[in-house]
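Take a look at the structure set out below.
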Amino acid sequence: MSYILGLTGSIATGKSTVAKLFLSAGIPVVDADLGARAVVLPGAPGLADIIEHFGEAYLLSDGTLDRKRLGALIFSDREKRKELDVLLKERINDWIQAEKERYISEGHNLIVLDIPLLYEGGYEDSCDAVMVVYVPEELQVQRLMSRNHLDADEATRRMQSQLSIEKKKELADFVIDNSGTIEETKKQVNDWLLKHRTV
Ligand SMILES: CC(C)(COP(=O)(O)OP(=O)(O)OC[C@H]1O[C@@H](n2cnc3c(N)ncnc32)[C@H](O)[C@@H]1O)[C@@H](O)C(=O)NCCC(=O)NCCS
Ligand SMILES: Nc1ncnc2c1ncn2[C@@H]1O[C@H](COP(=O)(O)OP(=O)(O)OP(=O)(O)O)[C@@H](O)[C@H]1O
């Protein structure tokens, strides 16, 4: 039996940073953001759905999705965001499940599902436990501003497009506090692995 650990947080709290720590410990990670990119590659039905729904203005001249333009739209308009979620959710879910099954069939006893919208999308039921990567909101906004070159208003809007990190922390089975150094985060992940790797 494989133990399925859901890994989440809110935008820029450090999921990818923690996912890399699991990967370097040899644990397979299913990255939902990669799935979200795979289902909108040129030729994929998800891209055709987006263009049909939102229009050709969301295509770049090389035929790929204009992610920047679509991001600007959905992070400033709740209804449009919901429409995009409806268009892509099933396809992303199928991608996640297929990757998970592949790792299960390879015999891994621990598999991490890195899903930014884990709670918003109701994925907690398909996990044995959920780990939330936490930083306080002020630090979240700062890291988001500096990583994505956003001003404070835009970063706050993106943050508010997801369930708050405080709420996710309450719902979590395990919390990794990523407000210190990467080394401090690494220690928490390694301690968790020492306790749970053989579950
Ligand atoms: C709007 C898009 C094109 C913007 O692309 P961009 O390259 O700028 O951002 P990227 O994909 O790296 O996402 C960055 C982060 O934004 C957050 N985010 C993405 N989509 C959403 C959404 N619909 N609602 C809330 N937060 C979201 C996540 O925390 C994600 O990790 C892209 O995010 C997208 O296709 N989103 C819809 C798919 C989705 O739901 N992805 C989340 C995976 S579960
Ligand atoms: N402990 C830390 N100390 C300093 N900077 C950090 C730390 N952890 C992460 N960061 C930085 O904060 C930013 C956000 O981290 P990361 O990309 O891992 O977040 P994420 O939760 O995966 O984001 P998203 O939801 O957008 O995918 C990155 O620029 C990263 O380098």
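Yeah, the Cβs are placed from backbone N, Cα and C, and that goes for glycine too.
Residues annotated as ATP binding site in TrEMBL: Ala12, Thr13, Gly14, Lys15, Ser16, Thr17. For Thr17 (ATP binding site), the count of additional Cβ atoms within 10 Å of its Cβ stands at 18 [all protein chains shown]. In the three-state DSSP assignment, the secondary structure recorded for Thr17 (ATP binding site) is helix.
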Spatial neighbours of Ala12 (ATP binding site) that are distant in sequence (at least 6 apart) but have CB under 8 A: Gln140, Arg143, Leu144, Arg147, Asn148, Met159
Shell list (ATP; ref centroid = CB of Ala12, Thr13, Gly14, Lys15, Ser16, Thr17; cutoff 8 A): Gly9, Val18, Val133, Arg143, Asn178
The one of Thr13, Gly14, Lys15 whose CB sees the fewest other CB atoms within 10 Å, among these binding-site residues: Gly14
